[in-house]
Amino acid sequence: MIWLIASALLFSIGAYGALTRRTAILMFLSIELMLNAAALSLISFSRLSGSLDAQVVVLFIIAIAAAEVAVGLGLIVAIFRRRETTSVDELRQLRG
Amino acid sequence: MQENFLLPLIIALPLLGFVLLGLFGKRFGEPAAGWLASLLVLGSFLLGLFLLLQGGAKWTLAEWLPGIPFSLNLDNLSGVMLMVVAGVGFLIHVWAIGYMHGDPGYSRFFSYFNLFIAAMLVLVLGDSLPVVFIGWEGVGLASYLLIGFWYQERVNADSARKAFIVNRIGDLGFLLAMGLLWSMFGTLSISELVEKVEAGGYSFTTLTLAGFFLLIGAIGKSAQVPLMVWLPDAMAGPTPVSALIHAATMVTAGVYLLVRHAFILHGDGFLAGLIVAIGLLTAFYGALCSLGQWDIKRIVAYTTLSQLGFMFVAVGVGAYWVAIFHIVTHAFFKALMFMTSGSVIHALGGEQDVRQMGGMQKYLPATHLHGLVAAFASGGLVPLAGFWSKDAILAYSFEFGPWLWALMLLASVLAALYSIRWYVLVFWGDYRGKAHPHESPAVMLWPNHILMGGALGVGFIGLPYVIDYKNFIEPFLTKAIGDFPHEKLPVVTEWVLIIISAVVAIAALWWGFRFFQQKMPAWYERFQTAALQGFYADAVYNALLVNPAKGLAELLFGGDRGLLSGFASLGSLMGGLGALLARLETGALRFYLAGLLLALVLLVGWGVLR
Amino acid sequence: MIHVGLWLPLLAGLMLLIVPGLGRTFAVASAAISLGISLVLFAGYGGQGVAYATQTPFLPEAGVYYALGLDGAGLLLWIAVSLVVLLGVWIADVPVRFLAYALMMQTGLLGIFAAQDLIFFYFFFEATLIPSLLMLWFYGGPDRLRAIYTFALFTLVGSLPMLAAIFAVRFLGGANSFLYTDLAANPLTGQTAALAFLGFLVALAVKTPLFPLHAWLPSFHQQNHPSGLADAMGTLYKVGVFAFFKWAIPLMPDGFREWQGLLLFLAAFGAIYAAWVAFSAPDWKTLLAYAGVSHMGVAALGLFSGNSEGTVGALYLLGASMVYGSAMFLFVGLVYKRTGSLDINPVRGLAKHAPALYVLGMFLLMAMIGLPGLSGFPGELMVLLGAYKVSPWLTFVAFLAVIAAAAYALTAFQKLFQENAQVQAVPDLDTREWGFAAVTVAVLLLMGLYPKFFTVYLEPLGKALAALFGGAS
């Protein structure tokens, strides 16, 4: 149960960080926090139900998160090289 | 009466002529094309006569459309019409060989002419209403093509178009009549309709409506008031066309249609009154207009209107066989009148204004004789053809009501006047023009000789019963029309009526003969100005119907564009809504993220609270 | 056979696009084979019921079958389409790619008439739009973008409610598949049917076209290539009446009853309205567009009468107008080739130098205004007989168009051919055009003089439809 609360806390921190930070790096960091919070809650539920299925899924999540971090950071680096900034408020070109 | 495969051949012959001349006309050349066309019509005539003498024939193609057979019926009524159409038609064909000489559209002309005969025969012989309608519209087409024969002139093309459109108003009546009869009886075959109407078991008001629709059709085709405006303009066609289509045959199709459906009309007071009123109006309108015309063909055209009015009155008073009798006599003397006019026009190199004519009796002796007989027959001089049929109409009118008789007598006085006016202006006095008149060739004279014989003698097939107890045509026709018994007038009354009408006709002819040689008095000049314009019927129709209709068309066209832009603005409304939503797309990542989380919270909240 | 007939034009069209060096001859050959196949199918048709029925599971879990088959109406329209396509690719002077689109469109049209599965019907109904749009896009007039928007939007927006209604018919009606036989055995009833019918109505009214959803048509025709081929194909695409007859009414008779009054009114009013508007049309294509709307109004009036005569008349008129309407557009294309303009004013006096063209025009025009003896009349007559039973007044209103038609058609005709104010010297028909004229006139005459040849195939269908409504024919 405690792990669920920890997971909720972790998620809230991540959400707060994602909303308040303007730097893409920090936002990315916060999002990773939220992702891991979700993984944590998954594991705790799996403990509660006594099944191991979720743990397998979380292993997948970790592996994919690693790949995703590589791609995400690469993108941010590319954007920085081009724009000399990573502030998301200045990056509005994608609007429709 | 039996099935006979020769019957459709009557129609096929002129149709063959149409196809042959239409496709290879130029190769036939002149005059072979004309003779081919004429002989084919003669073939139809002889074949028809042969079948008629055998007591009629029938021919049925089981089904043409679901529930509608393609059936032809040659009985005494259609037989008489066939004789007129093919017989007089043949004479006019032959005459046209001379008249159309040298025209660049020579073979085209005869091709159309044969098409007309074929269509007219379909109309006459058809036993199923849709078949009649094929002929009905077919003659309309032929009339359109022939009025606009010289379509390079705008006025001719306009006249042709006008004739077609006005006729279509009548056609709508015909169509609706078919719809109504079908919904009432489930058949459109005339011979079956006769039985069903006799059998009863339907609403008489509805039947009256059917008769009314048919009447509208007849009004259009027979150029009765108020749809009379197309006929005078139809004179834009070559003169043989006017003689054949717009005098002898097609315009009588309306009368024929009504007579054919006598079983629907008979005994219906409303329809009888309406038909009589229309006929009377037309008889007077035509007569008065004719008295004011200067164009020789328009003079004759309006006299046709007047005579058609006579026929309508005959139908209205229930004298169906008399109407057909008058069609027959009229075909002879009116065709003769037109072809005489045509010969004069031909002789004067195309001149049509009677003010440039006069004195033709010196130059064209034979044609003068034709003209004299035509005028007398048309004017109702005893004992020429026109007298007997007109007298029969008068007698029946007297039975309908003496007032009608009086009016009809007045109308026949006018008929005598316009006939003699035409004669005087063309043949009497001194020649007022500058051309060098020459008598027509034999090919044009002989048909007129024969027609003249008809105009003199054909009336004797229908003498009043007080003179000849063996009236030939009445029992002959009533066999087909149906016997609607009526009380014959007493012998004395009948004799008095005959004598009055004979004397009045002679007096009117004599008076007109004197009057039209003088200089016209002022009141006549005033009358003439109005009559020349047909009492402004065209102007009134243009102002009241044609121009508003055109204006409305413009308006609707604009409106239709508006309809599209209406849909377009519906589209841009959607676009506006989209633009409103698009403003949410700020591009600010954190704004999106906030929305995302908000949605998450709401979703989770909804899930928890549920 | 039916599969070959259906897919051959698409294949030929694709080959024309891909293989270089293939030209008009190839297209004509394909169209001729198509027509030949359709005639073989016609010769082998038993006279009743759905023939050549085939059925292959396509998505059996979802109840979708690739099912084809031809009833009398489908067969006759199939022939009409094949004939018109042949005439079109034969006569129109257009680039090869244009011909390819026309052939591809043919497959779509044939599919509409042959589909026995509602999903496949919908597929063909929509897929046909693509080549039609491509023709307009690549070869249209200067203002074509607007026309494309209008056309595509009307069609697509109209189709979505139909798609929804299709699912409603299947799932609410309780059928096990989208097969026609299955759906017709489980028709929708009551209020649901009324709603679902409305869905069909919107889509089909666009394609009938029925007033007031005809608004896309004038600009569509006006902007299309002046050769008239695209217009002819567009005329064939007016399948609304057929779809009402084949799908909408049998699957939702209750829904149809609900809307019948409105439909009759729209059809009758559209008939006279469009004919009247046509009188003010500035150019031939607009005129023909409105004339087509008017004729389809008459046809729809017959179908919506719901009795045997009206149905037979409507289908007959549909087939006839596909032929003469398309031929009229192709004819106008011939005129354009000679004069370089389609405006009705000024007068041109073409008859003097092109008498054969004049005669061809006269035939087409007279067929168009319903002259008895030519192809337009039998259908009109049957519609009249059927509609009069149901609503005399609306029949009267609709058939006022008979007068209006004479007015607009003859007026425009006179300006084009007659009068000699300024005679334009133009060449008369050449050999290829003579072939076109001969075939067209022959068909007009055949359909006009011996309608029974075709109506025997329509009559059972008309009776069946009337029987849906308690046999009150």
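Backbone N, Cα and C atoms are what each Cβ position is placed from, and that goes for glycine too.
Sequence annotations record features per position, and here TrEMBL assigns domain 'NADH-Ubiquinone oxidoreductase (complex I) chain 5 N-terminal' to B:68-110. Counting residues 6+ beyond its ends, the domain 'NADH-Ubiquinone oxidoreductase (complex I) chain 5 N-terminal' (B:68-110) has Cβ neighbours under 8 Å at 1, 7-8, 10-11, 17, 21-22, 25-26, 28-31, 33-38, 41-42, 44-45, 48-49, 51-52, 56-62, 117, 120-121, 124-128, 130-131, 146, 149-150, 188-191, 238-240, 243-244, 248-249, 256, 259-260, 324, 327-328, 331-332, 335, 339, 342, 346, 440-441, 443-444, 446-448, 450-451, 473, 476-477, 479-481 in the same chain.
Here TrEMBL flags B:128-414 as domain 'NADH:quinone oxidoreductase/Mrp antiporter transmembrane'.
Outside the transmembrane segment (B:6-24), and at least 6 residues removed from its termini, the chain residues within Cβ reach (under 8 Å) are 33, 36-37, 40-41, 43-44, 47-48, 50-51, 57-59, 72, 74, 82, 86, 107-108, 110-112, 114-115, 117-118, 121-122, 125. Annotated transmembrane segment per TrEMBL: B:6-24 (among others), in sequence order.
Marked as transmembrane segment by TrEMBL: B:36-57 (among others).
The transmembrane segment feature in TrEMBL is assigned to B:77-97 (among others).
Tertiary proximity for the transmembrane segment (B:241-263) is limited to same-chain residues at least six positions away from its ends with a CB under 8 Å from its CB atoms, namely 77, 81, 84-85, 88-89, 92, 95, 113, 116, 120, 123-124, 132, 136, 139, 142-143, 146-147, 149, 170, 174, 190, 193-194, 197-198, 211, 214-215, 217-224, 231, 234-235, 275, 297, 300-301, 304, 308, 311-312, 315, 320, 323-324, 327, 330-331, 334-335, 337-339, 342, 481-482, 484. Taken from TrEMBL, the feature transmembrane segment applies to B:241-263 (among others).
What TrEMBL records for B:269-288 (among others) is transmembrane segment. Here the transmembrane segment (B:269-288) has Cβ contacts under 8 Å with residues 208, 211-212, 215, 219, 223-225, 228, 258, 302-318, 400, 404, 407-408, 411, 414-415, 417-418, 527, 531, 535 of the same chain, all six or more residues outside its ends.
Within the chain, the transmembrane segment (B:300-321) has long-range Cβ neighbours (under 8 A, six or more residues past its boundaries) at 222-224, 228, 231-232, 234-235, 242, 246-247, 251-252, 254-255, 258-259, 262, 265-266, 271-287, 289-290, 293, 327, 330, 334, 337-338, 341, 378, 390, 392-393, 396-397, 399-400, 404, 408, 411-412, 414-415, 418-419, 422, 462, 473-474, 477-478, 481, 484, 486, 534. Under the heading transmembrane segment, TrEMBL lists B:300-321 (among others).
Sequence-distant contacts of the transmembrane segment (B:327-348) (same chain, at least 6 residues past either end, Cβ-Cβ under 8 Å): 80-81, 84, 88, 91-92, 95, 98-99, 239-240, 242-244, 247-249, 252, 255-256, 296-297, 300, 303-304, 307, 311, 356-357, 360, 363-364, 367, 370-371, 373-375, 377-378, 384-386, 388-389, 419, 422, 426, 433, 435, 437-440, 444-445, 447-448, 451-452, 454-455, 458-459, 461, 473. Annotation comment: TrEMBL describes B:327-348 (among others) as transmembrane segment.
Residues annotated as transmembrane segment in TrEMBL: B:369-388 (among others). Under 8 Å from some Cβ of the transmembrane segment (B:369-388) lie the Cβ atoms of residues 303, 307, 325, 329-330, 332-334, 336-337, 339-340, 343-344, 360, 412, 415-417, 419-420, 422-423, 426-427, 448-449, 451-452, 454-460, 462-464, 501-502, 505-506, 508-509, all in the same chain and six or more residues away from its ends.
Per TrEMBL, transmembrane segment is recorded for B:403-424 (among others). Remote same-chain residues near the transmembrane segment (B:403-424) are listed as 276, 280, 283-284, 287-288, 290-291, 296, 299-300, 302-303, 306-307, 309-310, 313, 317, 337, 341, 354, 371-372, 374-376, 378-381, 390, 393-394, 397, 497, 500-501, 504-505, 508-509, 511-513, 516-517 (criterion: CB distance under 8 Å, separation of at least six residues from the stretch ends).
A Cβ distance under 8 Å defines the sequence-distant neighbours of the transmembrane segment (B:495-516), meaning residues of its chain 6+ beyond its ends; these are 376, 379-382, 387, 390-391, 394-395, 398, 405, 409, 412-413, 416-417, 419-421, 424-425, 464, 466, 489. Under the heading transmembrane segment, TrEMBL lists B:495-516 (among others).
Feature annotation from TrEMBL assigns transmembrane segment to B:562-582 (among others).
Annotated transmembrane segment per TrEMBL: B:588-609 (among others), in sequence order.
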List the helix, strand and coil residue totals of the domain 'NADH-Ubiquinone oxidoreductase (complex I) chain 5 N-terminal' (B:68-110) as derived from DSSP.
29 helix, 7 strand, 7 coil
Taking the domain 'NADH-Ubiquinone oxidoreductase (complex I) chain 5 N-terminal' (B:68-110) alone, what is its mean pLDDT?
91
